[in-house]
């Protein structure tokens, strides 16, 4: 067992965090980032680069020293010159790496999102099984909870909720709506002594033990799965006996776990989750919302674990990483020959001694490939892999704290001292007081031509008339400029009573001079004379298009002797209700009282 603890001893944190070094933009960020060793680019590629540069200089020695002895230098030079133009075109490194790294990062992100954390489950369990209640044990030696906690020193606490024994429980055990909270209750176990001696014996907090056990089972399910997909967790918990020594399992639970898992080929992480569901069903009514919420969050816990398991079972198809890794390594294998400095006389070039540009290309391309290799399995032992052991410890500690020591506790409720302005506080010497500004829209503080968003303070307001009737058009005010008012309409001339009225014009003349949207009630020859006279009196007379308008744009006044009725002004012309429109050039024979004015289609 001590060997397991030595293996798990954390000398340094595996996941490298560098956010503090790049908290502000500065010229020192590059130096700060490049100063890291664990998880760095240099650490991941220096071995392969050392092998490559040694092979490069070995081939350089053969080409410059050995080949001239046998007279093969010119032949090798021609072969290498023929390879060089086709090297970059036949192996598309950027294309292969781009798609591959994108796919790997997407799987890495999904794996990170599916790592379950215990906080939401602990809050839901604490809400589903609230309060505390103690039951007197029969023997003082049997005072250990399943997790190994010694309960002999735990003092008695108040009981806020009764114990629910199931359908056989008496009706008095269920709280009525509005009933006061019950006092502390100590329920004796069968065969336990009665009287003062029973109060002095140790007791077990049933609800507290249930909450702690559910959290322990959830963390246990996480450990059982991580042992199958992570080598770091496997080294910490070599076998199930290590879980008993670490108090994640009891001896009785280990026997049940060993008996129920008949086949070693399948995982067993679902059994502790099943136990947690059973405990939750025993301590809560199913119809309560808190029970449903706790059920859902535990189900989400299982779903995330199953997604992690499926991602480990079915990785990216093997041919894809093989093609990418082989293409990159073969490319730089060819570079050992094609990037040689072939001109023996040009000794001033830096490539004559060291391949500078090829080395930079090797660092960038191979480093890019190493990123994909590291992220391909984030459950491994690389520097930037997930810290699963730390996640297990955190889930256990935080979960037990929420359902045990911090359950049902809060500070005393007092009135806050925040003012009505609710302004944030900054120290007087803090630069953030001047830097921090409100997050508002990008065009909120732009003032165009002195206008404001408040209508009362706006110097010019737009009025838009969308009425389809055009008899009385509404003027449009733009930028405070109002059009000149129209002159008042001229009153119609009074008819001369001494002169007889002229005969009505024939229907053909009216039909020829009629505009498209005019409303004319045609009086036929078969209509009654009285009705025809009434229709003539009510029908408007169209102005003559040959007549000229006055200086104000209105039609001239027409005497009653020349026309049957004066034309009203265009601005004051109102629709005449009982009037029949023309249909297909013929007036509909209807009474003036029954005629209707159709709506203007425009």
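These residue numbers are counts, starting from 1, taken along the chain as shown.
Quick reminder: no glycine exception, Cβ is built from N, Cα and C everywhere.
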Per Swiss-Prot, which of 85-105, 106-126, 127-147 is transmembrane segment?
-> 85-105
Of the residue ranges 29-49, 50-70, 155-175, the one that Swiss-Prot records as transmembrane segment = 50-70
According to Swiss-Prot, which of these ranges is transmembrane segment: 356-376, 377-397, 398-418, 419-439?
-> 356-376
Which one of these stretches, 292-312, 313-333, 334-354, 460-480, shows up in Swiss-Prot as transmembrane segment?
-> 313-333
